[in-house]
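Participant: Look at Swiss-Prot and you will find 28-51 tagged as domain 'Follistatin-like'. Residues or ranges marked as disulfide bond by Swiss-Prot: Cys29-Cys40, Cys34-Cys50, Cys52-Cys82, Cys56-Cys75, Cys64-Cys96. Summarising the annotation, Swiss-Prot assigns domain 'Kazal-like' to 46-98. Look at Swiss-Prot and you will find 142-176 tagged as domain 'EF-hand 1'. What Swiss-Prot lists as N-linked glycosylation site is Asn142, Asn173, Asn178. The phosphoserine annotation in Swiss-Prot covers Ser163, and the record cites similarity to another entry as its basis. The domain 'EF-hand 2' feature in Swiss-Prot is assigned to 191-226; the stated evidence is sequence analysis.
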Amino acid sequence: MWKRWLALSLVTIALVHGEEEPRSKSKICANVFCGAGRECAVTEKGEPTCLCIEQCKPHKRPVCGSNGKTYLNHCELHRDACLTGSKIQVDYDGHCKEKKSASPSASPVVCYQANRDELRRRLIQWLEAEIIPDGWFSKGSNYSEILDKYFKSFDNGDSHLDSSEFLKFVEQNETAINITTYADQENNKLLRSLCVDALIELSDENADWKLSFQEFLKCLNPSFNPPEKKCALEDETYADGAETEVDCNRCVCSCGHWVCTAMTCDGKNQKGVQTHTEEEKTGYVQELQKHQGTAEKTKKVNTKEI
């Protein structure tokens, strides 16, 4: 009788211990409030700390931020504010209304990392839905085989996918291509192409702007976590979405690169009495791009810091 009681006690203790282990984080963070855009995490010492949210849920409920940028949802807005250390509030629900202005300081059309990652998430979701398990008498299709099928369908015979071929592949899925950040449809088409280029850059190991099958496989590998790249300028690093100005032109940090408008500045748009020749302006933009070497060298450090 006592042996039976001892066995039951051991089972009960094991079950209680098993239930407590996964709840340890929730217990530590139970009374911790981190605020919008942040979440509670547990340090190596077992203490609670607040960090920027690692990944927001992908539900689509666009909001316009006070910075004039459209976000997929409230969480993405507050996460961006946390990562950039800036104060961003919800201006109104829905996409930001495009300002019909002739002002040359308007921001260039760019693919932000959030846009790139959202396109990638939708592609992976679509491809995973096509997986067919092996049956009793039939062979199914695994993830690699599905990617191989699409790769061969859009490859022109050189065993690589360039940006136009990759774009044709993306356009096979209505959900994937429906990334709408701008009110103007032409800008959204441009955004789609820019995000395809950003996806190619993720796994283009030899920098030829084409993907071999292995690079294509890495790009859309569900377990691959794209790094968050920053832009460098004058010994400083800037988060995705940061902006700077060159005369009447605006430059935006997008996926680790500075992207600038190309407006011709007249006397009314220039600041103060400063004048710059086209050569000086071109040189400044080249200076922005030159600093990307520094950003690439510190890529791993920056990723860890985030």
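In case you wondered, yes, glycine gets a Cβ from its N, Cα and C as well.
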Participant: Let's check the environment of Cys29 (disulfide bond): how many other CB atoms sit within 10 Å of its CB?
Facilitator: 17
Participant: How many whole Å apart are the CA atoms of Asn178 (N-linked glycosylation site) and Cys29 (disulfide bond)?
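Facilitator: Asn178 (N-linked glycosylation site) and Cys29 (disulfide bond) have their Cα atoms 37 Å apart.
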Participant: According to DSSP, folded down to helix, strand and coil, what is Cys34 (disulfide bond)?
Facilitator: coil
Participant: Which sequence-distant residues neighbour the domain 'EF-hand 2' (191-226)? Criterion: at least 6 residues beyond either end, Cβ under 8 Å.
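Facilitator: Same-chain contacts beyond the flanks: 109-111, 113, 115-117, 119-120, 123-124, 127-128, 143-144, 147-148, 151, 158-163, 166-167, 170, 177, 179, 181-182, 254-255.
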Participant: Across the domain 'EF-hand 1' (142-176), what are the DSSP residue counts per state (helix, strand, coil)?
Facilitator: 23 helix, 1 strand, 11 coil
Participant: How big is the Cα-to-Cα gap, in Å, between Asn142 (N-linked glycosylation site) and Cys50 (disulfide bond)?
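Facilitator: The separation of the Cα atoms works out to 39 Å.
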Participant: Just to be sure I understand, if DSSP states are collapsed into helix, strand and coil, how many residues of the domain 'Kazal-like' (46-98) fall in each?
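Facilitator: Its residues divide into 11 helix, 14 strand, 28 coil.
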Participant: Can you check how the pLDDT averages out over the domain 'EF-hand 1' (142-176)?
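Facilitator: Value for the domain 'EF-hand 1' (142-176), mean pLDDT as a whole number: 91.
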Participant: Which whole-number value in Å describes the distance between the Cα atoms of Cys40 (disulfide bond) and Cys82 (disulfide bond)?
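Facilitator: That comes out at 13 Å between the alpha carbons.
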Participant: So, three-state DSSP: helix, strand or coil for Cys29 (disulfide bond)?
Facilitator: coil
